[in-house]
Amino acid sequence: MALVPCQVLRVAILLSYCSILCNYKAIEMPSHKTYGGSWKFLTFIDLVIQAVFFGICVLTDLSSLLTRGNGNQEQERQLKKLISLRDWMLAVLAFPVGVFVVAVFWIIYAYDREMIYPKLLDNFIPGWLNHGMHTTVLPFILIEMRTSHHAYPSRNSGLAAICTFSVGYILWVCWVHHVTGMWVYPFLEHIGPGARIIFFGSTTILMNFLYLLGEVLNSYIWDTQRTAKLK
């Protein structure tokens, strides 16, 4: 038996994301007042994705508890739709975008933090909040994947969805640059147009790879558990 029920873990994770979002939005930073506000940063978009996803998880748990044993077929159909939405969101958004944000942020940060997270930001964002945005996302999503099985959509539709998200965000970043004359991320100022195209293409490929990684990891975790139970 788990030390902490997965339903309690989901509530705790949801509350932590709500706290992180509230604290982040309360910070008076110049970038929040420019075109696009917080929505031009993938980190903020990812936080919203994670909060919405875990909100759906909590809602699914509550619905499952309320419909258990009552024999109402309509409520059971609605619950199945909610579970399908939860599974789709983890597969297409929560896992690949969350892992992407953590991996890319810390790789660039380790190489040269000024390219992704200038020291100036330390005056606005405390260390715990930085880790809440760029570190804890990974263990939280892995905990969810470990505690509940998620049915992935067909590979073609899943890859099409994550490609749509990736290209949409790239176009949004380019539009912000077109309007303001400044790139959302400092390192984009220091590379040429060709290098930017390669970078944007590489990030889309990486997103697709992370989707496939999530699919494989989900299958491995639950196939291993089923094999252990049979033994």
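From the backbone N, Cα and C atoms, a Cβ is placed for every residue, glycine too.
Quick caveat, the model's predicted, so the values are computed rather than measured.
Feature annotations, reproduced from TrEMBL:
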type	residues	note
TRANSMEM	42-67	transmembrane segment
TRANSMEM	88-108	transmembrane segment
TRANSMEM	128-145	transmembrane segment
TRANSMEM	157-178	transmembrane segment
TRANSMEM	198-221	transmembrane segment
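Only sequence-distant pairs (6 or more apart) were considered; of these, at least three Cβ pairs between the transmembrane segment (42-67) and the transmembrane segment (128-145) are under 8 A, so the stretches are in contact. Long-range neighbours of the transmembrane segment (128-145) within the same chain, counting only residues 6 or more positions beyond its ends whose Cβ lies under 8 Å from a Cβ of the stretch, are 9-10, 13, 16, 19-20, 23-24, 43, 46-47, 50, 54, 57, 90, 94-95, 98-99, 101-102, 105-106, 117, 214, 217-218, 221.
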